[in-house]
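Colleague: TrEMBL feature annotations, pasted as is:
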ACT_SITE  Glu224  active site, charge relay system
ACT_SITE  Asp228  active site, charge relay system
ACT_SITE  Ser432  active site, charge relay system
BINDING   Asp474, Ile475, Gly497, Asp499  Ca(2+) binding site
DOMAIN    151-519  domain 'Peptidase S53'
Amino acid sequence: MDKFHKLAMDIATPGNPQYGNHLDHEQIVAMTAPKEDSVSLVKEWLEKEISNAKVSVTGDYFTVEGTVNAIEKLLKTEYSTYVNEETKAKALRTLEYSVPSTLVGHVDMIQPTTYFGVKQFRSTISEHHAIEEDEFHIEAVNAVTGCTGTRITPTCLANLYNFANAKNETTGLLGVAGFLEEYAIKADFTTFLKSYAYFNNKAKSFTCTGVNGGTCPTSPAGIEANLDVQYAGSISSSVPMTYYSTAGRGQFTGSATNTNEPYLEFLNYLLALPAASLPNTLSISYGDDETTVPLSYATNACNLFSQLGVRGVSILISSGDSGVGTTCKVNGKTSFETAFPASCPWVTTVGGTTGNSPENAWSSGGGGFSEVFGRPDYQTAAVNKWLTADTTHTAVTKYFNSSGRAYPDISAQATNFVIVASGSAQSVSGTSCSAPTTAGIFQLLNSARLASGKKGLGFLNPWLYNTASTGFTDIKSGKIGGCSGVISGAGFSAVAGWDPATGLGTPNYEALLAFATSTA
């Protein structure tokens, strides 16, 4: 993948002759296809070891659909039903599996096996609660109001992030990822727009598309799903929006849920779409602790993110809601914890802020340094400056990998967002608020470029760090915490310049628009 990643970075770097030359799916498949002998060996193995199974090949992936017994025989293992103690969700998984020695070096990963799937990034401190009736309706006003109250709405964000006067764009497509049977409800979206959308908002509805057998029912309302579509959609106004309802139930039967790994299914689904159907911007509010994700899985998923960037998709992902960690034990040693896919260098990771005049780092916002992925060149200067100049992290240096991919890249408000669910107002906190907020803003930027005849921004980070870094409001106060009772003084402070609490800062739409429209 090294050659492909070099090209991917060239395509995303302003000033490079390849900048903006996004590829189609067929070109990517041709560049990333496995060697013929690898394909032949895997085919021979499957034909010999499994019968009455449906086998298909897409790019460098084989998909095998068969009974549990057949898969157990194939992998020399036994599947069991596991129950998540917190959510009570069930998953059919195994703790180990085996393949013939002849396939070593040819098979990189087999799932679903040892990975138990993504979870929602929503605050464990203040998830969501009902708002009293007298707080529900906001009176219309004739001028932009600031974020002076205890609730965040699109009107407040329009003022805070300077997009209240954004041109009503209609070009392009905004995508919102949905997993874990979280359903976005159109009736709630309509109610939300009538009560809270910012001035002259033209948003009307959204399209729901099922992926991997996913459905689009009219109930029950998902808090996460409604949050994502209501903020991404209201901010991006008239730009079409699609909610991708990705199922977690696969071919296995019984009581277990999430039996097919939905994350990879979703990414591969997007990659296979024609250019006209592919979103310009994608909001994702799901992830997991990096240490719980098998290395092969994390690497493959991150590679797929790089391919989406090459296709021209700007990906915004929540940084997580546990600060620098909870248990803070990594592979038997005391250490800060990191989140995935927030730690993937091919996505734009969004941290959390709270308050206004000024904004502060949100104490539970995720931030840190990957133990898996090295630091990419695009952030070397910014991170080195922080490592050298900042003194607030000196006492905790031994608890993080300073040479790893650092995140977040940017940040946005993460607390007390008003949403509508099942017809009632709710208050939600978490970086699940930050991701759709910034996704809506970056879709406006992508749409403005498309309307002027330019390509979308695609993978954002080289542009963010090296061209548009002054298009953000630097957050210089507050601190993310974590590791309670394990590491004294754990966390990172927001300081001048990039930092692992708030990244480059929060977006100033008009300033970013100037950079976006002047970039070739």
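In case you wondered, yes, glycine gets a Cβ from its N, Cα and C as well.
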Colleague: Which one is closest to Glu224 (active site, charge relay system) in space, judged by CA to CA distance, out of the recorded positions Ser432, Asp474, Ile475?
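Modeller: Nearest in space to Glu224 (active site, charge relay system), counting only the recorded positions, is Ser432.
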Colleague: Could you give the mean pLDDT over the domain 'Peptidase S53' (151-519), rounded to a whole number?
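Modeller: That stretch averages a pLDDT of 93.
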Colleague: List the Cα distance (Å, whole number) between Asp499 (Ca(2+) binding site) and Asp228 (active site, charge relay system).
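Modeller: Between the alpha carbons of Asp499 (Ca(2+) binding site) and Asp228 (active site, charge relay system) there are 26 Å.
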Colleague: If you count CB neighbours within 10 Å, which one among the recorded positions Glu224, Asp228, Asp474, Asp499 has the smallest count?
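Modeller: Asp474, out of the recorded positions Glu224, Asp228, Asp474, Asp499, has the fewest neighbouring Cβ atoms within 10 Å.
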Colleague: Gly497 (Ca(2+) binding site) to Ser432 (active site, charge relay system): how many Å between their Cα atoms?
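Modeller: If we compare the Cα positions of Gly497 (Ca(2+) binding site) and Ser432 (active site, charge relay system), the gap is 24 Å.
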Colleague: When a 10 Å sphere is centred on the Cβ of Ser432 (active site, charge relay system), how many other Cβ atoms does it contain?
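Modeller: Around Ser432 (active site, charge relay system), other Cβ atoms within 10 Å: 31.
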Colleague: List the residues of the same chain that sit at least 6 positions away from Ile475 (Ca(2+) binding site) in sequence and have their Cβ under 8 Å from its Cβ, in sequence order, or write 'none'.
Modeller: Thr353, Pro358, Glu359, Asn360, Ala361, Ser411, Ala494, Asp499, Ala501, Thr502, Gly505, Thr506
Colleague: Beyond the listed site residues Asp474, Ile475, Gly497, Asp499, identify every same-chain residue whose Cβ lies within 8 Å of the center of their Cβ atoms for the Ca(2+) site.
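Modeller: Everything else in range on the chain: Lys476, Ala494, Val495, Ala496, Trp498, Ala501, Thr502, Gly503, Leu504, Gly505.
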Colleague: Expressed to the nearest Å, what is the distance separating Ser432 (active site, charge relay system) and Asp228 (active site, charge relay system) at their Cα atoms?
Modeller: 7
